[in-house]
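S.K.: Sequence annotations record features per position, and here TrEMBL assigns domain 'NADH:quinone oxidoreductase/Mrp antiporter transmembrane' to 23-288. Feature annotation from TrEMBL assigns transmembrane segment to 26-47, 59-80, 92-115, 153-171, 178-197, 203-222, 234-254, 274-294, 323-343. What TrEMBL lists as domain 'NADH dehydrogenase subunit 2 C-terminal' is 290-343.
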Amino acid sequence: MSPYALSMLMSSLAMGTIITLSSSHWFLAWVGLEINTLAIIPLMTKMHHPRATESATKYFLTQATASALLLFSSTMNAWMTGEWTIMDMNSYTPTTILTIALAIKLGIAPFHLWLPDVLQGLDMMTCLILSTWQKLAPMALLILTSHQLNTNLLILMALASAVIGGWGALNQTQMRKIMAYSSIAHLGWMTLVISFAPGLALLNLMIYLMMTSSMFVMLMILNATNMNKLSISWLKTPTLAASMMTGLLSLGGLPPLSGFLPKWLILQEMTKHHLGALSAVMALSALLSLFFYLRLSYMISMTSPPNISNANLTWRKKNDLSLINPILVVLSTMLMPITPMLLM
């Protein structure tokens with residue numbers, strides 16, 4: 001792809017998200033989401049492969065459906081209340097339709113089926129953008145309207161996402177599908193707490209963005225798209241393989257890594273609201289996710305292929321991503337000490 005076209009698409013992506021984040025009017029927010037969707041589709045199809053075209057088509061159809069629902073809910077709300085302001089969603093039907101629209105946009109269960117298939121057909125850089133940057137605008141709208149949404153519906157979707165995100169990745173061997181199910185599970189945790197403590201959902205989103213970015217950057221450096229390629233990474237770059245192991249354990253939520261911090265605070269918040277049984281189910285669903293993260297960690301660090309790999313030694317190559325990777329690894333594994341400051 002031409003650098004000029006790429007820079008234009010990336011600036012359109014940034015502009016779409018910024019328009020949505022800074023708007024207080026539903027129509028402007030919808031325009032921002034549309035610019036976002038239209039800017040990423042050429043990035044998806046730049047590989048000129050049938051799988052990439054299929055992914056772009058699936059993504060376009062799901063996002064167009066979600067955008068239509070969002071516009072319908074905001075129009076219905078304006079018809080009922082005479083207000084186009086984002087903070088004024090008081091009627092039951094528009095808020096329910098809005099929740100469903102944003103769930104489709106984000107890939108929250110039971111509207112998650114498009115996400116693993118779409119990611120599997122894309123290259124790693126587009127997967128990174130789709131798993132991180134594209135979550136910002138819909139999640140901002142969800143946080144802004146969280147006090148008006150149906151809490152029971154959000155809790156049900158959160159439980160479904162956490163269970164399906166853990167269950168779905170158990171039999172996967174492709175790294176992009178595993179990261180898609182990981183995204184679904186993390187979105188479940190954010191959706192659970194968003195009605196009770198939106199600030200905590202925002203913290204969870206920030207830590208999720210750091211962990212997912214570091215994982216995708218490491219996968220790009222290693223050029224690993226499945227578990228077999230991951231198992232020979234120890235021979236190529238031992239340091240990076242060790243970093244990836246800690247990154248995976250952080251995604252699983254093991255203490256004392258960064259990934260444990262949002263889970264711990266969310267469970268604490270849930271028990272404050274006397275939702276002990278719900279907290280227990282969410283903690284058990286986290287064990288499902290932890291199983292496949294542990295399986296990947298074991299594959300990276302404790303298995304070596306029977307013959308010496310003939311692959312090029314990655315550490316001999318100069319890679320632009322190698323500069324940003326240490327910062328992302330530190331952020332995604334070592335944020336636990338700031339917990340007292342957050343609790344203040």
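For all residues, glycine too, the Cβ spot is worked out from N, Cα and C.
Given the structure is predicted, the values throughout are model-derived calculations rather than measurements.
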S.K.: In terms of Cβ proximity under 8 Å, which residues at least six beyond the ends of the transmembrane segment (92-115) contact it?
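M.R.: Hits for the transmembrane segment (92-115): 33, 58-59, 62-63, 65-67, 69-70, 72-74, 76-77, 80, 135, 138-139, 141-142, 145, 148-150, 153-154, 157-158, 160-161, 163-165, 180, 183-184, 187-188, 191.
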S.K.: Counting only CB pairs under 8 A, let me know which of 26-47, 153-171, 203-222, 323-343 has the most with the transmembrane segment (274-294).
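M.R.: The stretch with the most close Cβ contacts to the transmembrane segment (274-294) is 153-171.
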S.K.: Against the transmembrane segment (203-222), which of these stretches has the most C-beta pairs under 8 Å: 26-47, 153-171, 234-254, 323-343?
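M.R.: The listed stretch sharing the most Cβ pairs with the transmembrane segment (203-222) is 323-343.
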S.K.: As a test of reading the model: what is the averaged pLDDT for the domain 'NADH dehydrogenase subunit 2 C-terminal' (290-343)?
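M.R.: Looking only at the domain 'NADH dehydrogenase subunit 2 C-terminal' (290-343), pLDDT averages out to 76.
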